[in-house]
Amino acid sequence: MYYGLDIGGTKIELAVFNEELEKLYSERVPTPKTDYEEWLNTIVDLVNRADEKFGEVGTVGLGVPGFVNQQTGLAEITNIRVADNKPILRDLSVRLGREVRAENDANCFALSEAWDTENQQYPTVLGLILGTGFGGGFVLNGKVHSGQVGMAGELGHLQLNYHALKLLGWDNAPIYQCGCGNKACLDNYLSGRGFEMLYRDLKGETLSAREIIDLFYQGNESAVDFVNLFVELAAISIGNIITAFDPHMIVLGGGLSNFDYLYEALPKALPPHLMRTAKVPPIKKAKHGDSGGVRGAAALFLTK
């Protein structure tokens with residue numbers, strides 16, 4: 001059996017999959033906040049219960065909101081302070097008596113989608129998450145591309161470029177401070193949170209993403225104008241990412257990926273922001289929803 005764990009700031013989910021990546025079982029527990037040993041033991045207990053339930057020793061893959069530095073072995077997951085800067089793979093492997101692997105949760109999401117039968121025709125798949133934050137993962141020939149250190153795909157920390165700042169009004173452009181220490185990171189613009197903050201600062205009204213989208217479909221002038229601007233901002237930024245990766249397919253996840261208008265508007269908005277010979281790849285909605293992260297984490301032992 002293949003176990004995938006989604007390690008979040010508020011909950012830890014374990015799911016069990018077979019070789020066809022069909023989910024057979026799942027369990028969620030709260031994430032311990034203050035004690036590292038308790039955090040480790042919570043994961044160990046989840047895995048041991050799965051072993052007992054299925055009568056075998058399963059493989060263990062983790063999806064984390066950050067990455068494990070491949071050179072130092074230390075986790076860089078600042079929003080889970082209890083495990084940040086800790087050798088989580090070593091400590092879990094010792095306690096579980098087996099190898100444990102980890103990848104960024106966006107990489108796991110991309111891997112899950114890339115492994116679907118209908119998507120295996122694409123040699124390269126770019127996964128973009130437009131959720132609480134903005135991030136990405138890149139799958140090459142069925143395997144996650146992690147980079148030298150393990151931080152490949154940290155696309156949320158690319159910054160607004162010339163065209164994006166011009167679109168937002170230069171000196172009047174909202175410039176948001178990022179948790180990474182820099183300013184104007186895409187994480188604060190292309191995420192669901194960024195969608196709401198931009199509407200507030202550009203339109204002077206505080207609304208949820210759902211409320212903005214509802215107004216858009218009702219033909220509200222302010223919402224329509226804002227959504228068109230957001231699509232253009234996304235096209236500028238994703239266009240740069242396409243230029244860097246030239247993917248065969250893009251899959252969108254996270255809350256904003258449920259905004260169906262994006263799949264109509266983005267392919268039309270992208271060409272001016274690409275090189276003349278570039279091709280806009282198919283842009284698809286994620287198939288597995290909230291299960292994508294654990295499914296991709298489980299798949300780490302099918303692909304390495």
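Just so it is clear, glycine is given a Cβ too, placed from its N, Cα and C backbone atoms.
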Point to revise | Per Swiss-Prot, C178, C180, C185 bind Zn(2+); matching candidate in H157, H163 | key: H157
**Study point:** Nonlocal residues around H157 (Zn(2+) binding site), in sequence order (Cβ under 8 Å, 6 or more apart)
**Key:** C178, C180, N182, C185, L186, D187
Review point. Counting other CB atoms within 10 A of each CB, which of the binding-site residues G8, G133 comes out lowest?
Key: G8
Exercise for review: Determine the most Cβ-crowded residue among the binding-site residues C178, C180, C185, using a 10 Å radius around each Cβ and all protein chains in the structure.
Suggested key: C185
Revision key, fill the gap. Excluding H157, C178, C180, C185 themselves, the Zn(2+) site's Cβ centre has within 8 Å the residues G156, Q159, G179, G181, N182, L186, D187, N188
**Study point:** Residues near D6 (ATP binding site) in space but at least six apart in sequence (CB under 8 A)
**Key:** I12, E13, A15, G63, D105, C108, G293, V294, A297
